[in-house]
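Working notes for the structure below.
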Amino acid sequence: MTNQASQATKSSQATKASQPAKATTPPLWLLAELTYQCPLHCPYCSNPVNMEETFNELSTSQWKKVFREAREMGAVQLGFSGGEPLLRKDLEELVAYARELGFYTNLITSGIGMTEKRIAKLKDAGLDHIQLSFQSANAEVNDLIGNKRHSFKQKLNIAKLVKAYNYPMVLNFCITAQNIHEIEEVMALSTELKADFVELATVQYYGWAYENREHLLPTKNQLEEAEQAVNRYRDQQDGVGPKFMFVTPDYYENRPKACMNGWGTTFLTVTPDGSALPCHSAKILPLTFPNVKDSSVQNIWEHDFSFNHFRGDDWMPSLCKTCDEKDKDFGGCRCQAFLLTGDMHKTDPVCDKSPDHHLMKTITDKAGQQTSSTLKFRTVKNNIPVKTIQDLTV
Ligand code: FES
């Protein structure tokens, strides 16, 4: 099911703006997607394929209202994300305000656009933590995947600045079929850069990554070899150096992930235009989501139809409702169920009890055998030409 198809079904779903409160816990983790603008064009980006809200971003004061309301409800962690959050000139002001409210603040960045002056200003503003993404441990591959020349060199410099300014540093490497073979180099580079934590995150298939899944999904064999390499490296570390987290795609699993720790329980995402979502990908679903410009965070979290819709187990098909693992995985990912079956209420097909589980095998059997050579690079303005997979081959 494409995102275009999801739009077509959207209007067929009746939605109600306000419902009795079902939530018992506040949103602990607020993700502020400040902008969808980004200097990179990674074909695995999880941002929506259709970024029509790009030019209608919340103002500084509107973001402050969101932070204040979320904090009053008990939110404790605030991630500044995008796109590239450094493109917002008010980032330092927003970080300072969030710290004043008592949030633990985290900047999720490509590093492109960061300077020493800015990193110092962010430190003064009270920023707690920086997560820096790399596309590869190889300069040429890195620059090709992000479609930005010299970006690898800039990232190396930023990583050094992050350490020089005493931030805890998480490095994030998105692992795909294009770079999985270099996982040892990735770990060596992370050690050299003195990272504290390293996410070796095999891409999850939402947004642009879903569009390009055929090219990005590693084979089971590649994943097993990569995991063995990570384990060997960890054994040699002897407790010294970065902590590596290897995240595999759930496409090869038999049980679904507990996506978002359960819909509307822990995570709140606010998109650049102010849409409030229970997960970063939810806009693809045939639901109408509220906007923080029109309502308070508390009203949205507790009463909006879209937030209540998948809370608890009322919505579940009997397969999930009667399953003794329903409190572990909450029926899996709603976005994945919708993308793969066209029905957001179905059991996540990753689950081998699902009648749709065969879809996973159909997809994973095709890993490593691309039938098309077309690759879509993330773009807001449609100004990046469609490329072929050979463009990523060095
Ligand atoms: Fe939306 Fe899993 S990504 S529910």
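Glycine is no exception: its Cβ is also placed from the backbone N, Cα and C atoms.
What you are looking at is a predicted structure, and each value in this text was computed from that prediction instead of being measured.
The following features are taken from TrEMBL:
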REGION    1-20  region 'Disordered'
DOMAIN    24-243  domain 'Radical SAM core'
BINDING   Cys38, Cys42, Cys45  [4Fe-4S] cluster binding site
8 Å Cβ shell about Cys38, Cys42, Cys45 centroid, [4Fe-4S] cluster site members excluded: Leu40, His41, Tyr44, Asn47, Gly83, Ser110, Gly146, Trp208, Arg378
Local Cβ density at Cys42 ([4Fe-4S] cluster binding site) - other Cβ atoms counted within 10 Å: 23
Protein Cβ atoms within 10 Å of Cys45 ([4Fe-4S] cluster binding site), excluding its own: 26
